[in-house]
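Q: Quick one: structure below, then a few questions.
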Amino acid sequence: MTTSTEKTAAATGAGPSVHAAARPPVRTAVSKRRRKIMNTLIAYSFIAPNFIGFAVFTLGPILFAFVLAFMRWDGSNPMEFAGLDNFWRLFSDRVFQAAFWNTIIFTGFVVPLTLICSLGLAILLNQKIFGRNFFRTVAFFPYVASLVAVAVVWNMIFNPEFGPVNMILYTLGVDPSNLPGWAADRHWAMVTVILFSVWKNMGYFMVIYLAGLQGISAELYEAADIDGATPLQKFWRITLPQLAPTTFFVSVMLTIQSFKVFDQIFMITQGGPGTSTLVLVYHIYNQAFISWDLGYSSMVALVLFLLVLAITIIQFRWSQRNEGDTA
Amino acid sequence: MTSASLASSSEALKRPPRRINWGLILTYAVVIIVTLTMLAPFVWMLSASLKLDRDVFAFPIEWIPSEPRWQNYIDIWTKIPLGIFVFNTTKLTVIVTVLQLLTSSFAAYAFAKLQFPYRNALFLAYIATIAMPWQVYMVPQFILMREFGLNNTHMALICLQAFTAFGVFLMRQFYMSIPDELCEAARIDGMSEYGIWWRIMLPLSMPALSTLTIFTFVNTWNDFLGPLIYLTKTDLKTIQIGIRMFITQYTQEYGLIMAASVVSLIPVLIVFLALQRFFVEGIASTGLKG
């Protein structure tokens with residue numbers, strides 16, 4: 001439609017303004033449209049390198065995941081439509097149910113414990129003390145440290161027979177028969193993984209809390225000082241309420257992160273003993289890469305997706321409501 | 001009321017600093033105990049890496065080995081192909097980080113400063129997947145890579161890590177804060193969009209680029225599940241799964257395992273200390289906007 005006029009416009013190229021003076025209405029309309037097309041092409045050329053990779057390796061697989069959840073496939077033979085078979089299987093699969101509840105239990109402990117520890121750290125390291133940056137760095141380092149390395153140390157330190165933690169407990173007078181079996185004990189394995197996760201991640205959330213603390217107006221504390229408030233009162237009446245948005249945000253992030261837990265469990269307990277620390281992602285991994293039951297594994301992945309989606313919706317609603325309040 | 005507060009503040013001025021010191025000493029004590037606890041596993045790791053296997057679990061803990069066994073740090077390079085693992089990880093990390101920085105800042109510029117059809121729809125595609133856990137689609141992604149013949153190649157890991165929604169989102173948020181007038185002025189001066197991106201936007205976005213660099217570097221260096229799924233050949237493995245393989249092969253060689261772990265931590269430690277400021281600022285800003 002526009003090709004021939006476009007070409008003339010392209011040929012005249014550099015000096016459209018001269019022609020514009022001679023035949024204003026047609027020229028400006030054509031060059032405007034041409035410029036618009038050029039601009040669009042330029043814009044798409046900016047997006048293309050990232051978007052093509054993103055579409056092929058992220059969007060595509062995501063859509064495929066939803067299809068696969070309703071299929072029966074071992075990855076080599078032809079795929080079969082399975083209807084809701086995979087869905088019904090969730091209700092008879094004891095291992096899935098264990099994985100589901102273990103994920104909930106893990107999240108239920110990790111979220112509050114990490115919140116308390118990271119807030120405590122943040123308050124402690126927000127004070128004007130000597131070497132504050134050094135202490136902050138130390139508190140943050142476990143978060144960036146590679147998981148395999150620290151998980152290995154963790155396993156050694158918490159070794160039930162000769163690890164230093166049990167040695168210390170023993171010297172403190174704990175009876176050898178009562179010493180916790182940590183990762184090797186069905187009742188303690190989850191505790192071990194939870195402790196590890198809190199230790200590894202609290203530095204990250206401390207940084208977020210530090211930013212939150214620095215956002216609280218100093219005037220509030222000055223006013224409280226004038227009224228003679230105790231430090232504890234200031235904490236409950238100013239710090240905590242002022243940090244509510246941060247706490248909400250941290251809880252959401254922590255919850256989603258806990259739902260996705262895998263690495264540390266793979267390294268520390270391998271989901272065991274039995275199924276005592278088996279979590280959803282572990283089940284997805286086992287079903288896909290050990291049993292090659294790709295359809296069912298995607299159904300379990302769908303459950304994980306729905307859990308995360310629920311949290312995301314709650315977060316979205318909450319932030320919408322709060323923006324409405326301030327507006 | 002004013003006179004009372006004045007009186008109390010002048011009282012505070014005259015008050016000897018002894019009482020304040022007690023609070024401060026308590027704070028320091030708590031801070032030092034907490035940081036020592038957080039640091040203890042690392043110190044223990046370092047100390048164990050210089051010991052004979054049978055001395056690793058000696059109790060009471062000998063924090064500084066009386067006869068440091070440096071041999072461990074030589075043995076790890078010969079017993080396992082640690083050099084190859086380090087090389088593979090470095091290669092992957094550098095390629096992924098460079099690709100991530102270039103493509104996401106490139107795309108983010110268009111999303112932030114250019115007008116074009118379907119802009120919001122395309123950006124929504126990115127936003128919608130930010131919250132999508134990778135674990136949900138890792139299986140179909142694996143099948144796709146296998147179809148492409150990328151199983152057991154580094155290309156697979158590069159493809160899956162280099163084009164993240166997070167990178168585009170982070171850079172776009174930063175570019176939004178740069179005034180449009182700056183781009184307009186450059187356009188009037190005849191600069192092309194690519195020129196604006198390269199000469200104006202990139203230099204201005206150093207803080208955001210640094211944040212993205214360190215996030216990508218740490219994530220790629222420490223990635224575990226990705227290499228675990230994709231790389232089964234020993235000479236392709238990254239340091240994370242390489243060390244894991246070492247652990248399963250030499251379960252009893254504690255000193256060596258610890259030495260390998262220390263080696264794997266060093267690059268992250270260096271990058272972290274060098275770019276820490278950006279990391280912390282990045283978490284604080286992206287975290288709260290999230």
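For all residues, glycine too, the Cβ spot is worked out from N, Cα and C.
The feature domain 'ABC transmembrane type-1' is assigned by TrEMBL to A:100-315. The region 'Disordered' annotation in TrEMBL covers A:1-25. What TrEMBL records for A:41-71, A:99-125, A:137-157, A:188-211, A:265-284, A:296-314 is transmembrane segment.
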Q: Using a Cβ cut-off of under 8 Å, list the residues of the same chain at least 6 residues beyond the transmembrane segment (A:137-157) that approach it.
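A: Residues packing against the transmembrane segment (A:137-157) from afar: 121, 125, 163-165, 183, 192, 196, 199-204, 206-207, 263-264, 267-268.
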Q: State the non-local partners of the transmembrane segment (A:99-125) in its own chain: residues 6+ outside its ends, Cβ under 8 Å from one of its Cβ atoms.
A: 132, 135-136, 139, 190, 193-194, 197-198, 201-206, 208-210, 212-213, 235, 239, 243, 247, 250-251, 254-255, 258-259, 261, 275-280, 282-283, 300, 303, 307
Q: Same chain only, please: residues at least 6 beyond the ends of the transmembrane segment (A:296-314) with a C-beta under 8 Å from a C-beta of the stretch. Say none if there are none.
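A: For the transmembrane segment (A:296-314), the nonlocal Cβ contacts are 65-66, 68-71, 86-87, 89-90, 96, 99-100, 103, 252, 255-256, 259-260, 280-281, 283-284, 287-288.
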Q: Under an 8 Å Cβ to Cβ limit, what residues of the same chain, 6 or more beyond the ends of the transmembrane segment (A:188-211), are close to it?
A: 102, 105-106, 109-110, 113-115, 117-119, 121-123, 125-126, 136, 139-143, 145, 147, 150-151, 154, 158, 180-182, 243, 246, 249-250, 253-254, 257-258, 261, 264-265, 268-269, 272-273, 276-277
